[in-house]
Amino acid sequence: MARLLPALLLLLLPGNVTGNGSGNGSLSRCPPGQFRCSEPPGAHGECYPQDWLCDGHPDCDDGRDEWGCGTSATPAVPTDNGTEAPTVPAPGRALPARNHGRMWMLITAVLLCCLVAVGGIAAWGKSKAKSRSDIFSLASASKELLVPDKSQADLFS
């Protein structure tokens, strides 16, 4: 019994319990690949994916997940144990994974607007050309050249 008591005490200490922060109040650390915004280290709060650090969108109430981002030096970011650790963004990764859907929606919207504009200009040009085709028709042009109007005949007399 005396041997089990220290083991039970270790299990009951909140600093030694790991979990995902999903709400029972006794969890103090986030699982690997996630971070917590709240301070001090024993505080309880939501866990966020590491991909959300320096993503241009503040997820923490105080914006600490965006602190030190975009500098030439290695930025310091909050970790699950409250200390700050340097991080280097992954090379060639401009947008976080959660924004790729928005990016494709934006690209699709811009392309659709361009297609509608080009189609509208083409339809307008076609209608203008159709309305001018009777003015420049071969039959009316040859008739005007062969039989001058009275007004044109008066000019020569």
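Placed from the backbone N, Cα and C atoms, the Cβ positions cover glycine too.
Look at Swiss-Prot and you will find 1-19 tagged as signal peptide, backed by sequence analysis.
As annotated by Swiss-Prot, topological domain 'Extracellular' applies to 20-102, with the evidence given as sequence analysis.
Under the heading N-linked glycosylation site, Swiss-Prot lists Asn20 (among others).
Swiss-Prot lists Asn24 (among others) with the feature N-linked glycosylation site.
Residues annotated as domain 'LDL-receptor class A' in Swiss-Prot, with sequence analysis given as evidence: 28-71. Computed over the domain 'LDL-receptor class A' (28-71), the whole-number mean pLDDT of the model equals 76.
Look at Cys47 (disulfide bond): DSSP puts it in a strand. As annotated by Swiss-Prot, disulfide bond applies to Cys30-Cys47 (among others).
For Cys60 (disulfide bond), the count of additional Cβ atoms within 10 Å of its Cβ stands at 20 [all protein chains shown]. Positions annotated as disulfide bond by Swiss-Prot: Cys37-Cys60 (among others).
Cys69 (disulfide bond): 14 other CB atoms within 10 A of its CB, across all protein chains. Taken from Swiss-Prot, the feature disulfide bond applies to Cys54-Cys69 (among others).
Annotated N-linked glycosylation site per Swiss-Prot: Asn81 (among others), in sequence order.
The transmembrane segment annotation in Swiss-Prot covers 103-125.
Summarising the annotation, Swiss-Prot assigns topological domain 'Cytoplasmic' to 126-157.
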Worksheet, complete the sentence: Most Cβ neighbours within 10 Å, among the disulfide-bonded residues Cys30, Cys37, Cys47, Cys54, goes to Cys30
Item to complete: Work through the disulfide-bonded residues one by one (Cys37, Cys54, Cys60, Cys69) and name whichever has its CA nearest to the CA of Cys47 (disulfide bond).
Response: Cys37
Response to the item:
Rounded Cα distance in angstrom between Cys69 (disulfide bond) and Cys60 (disulfide bond) is 14
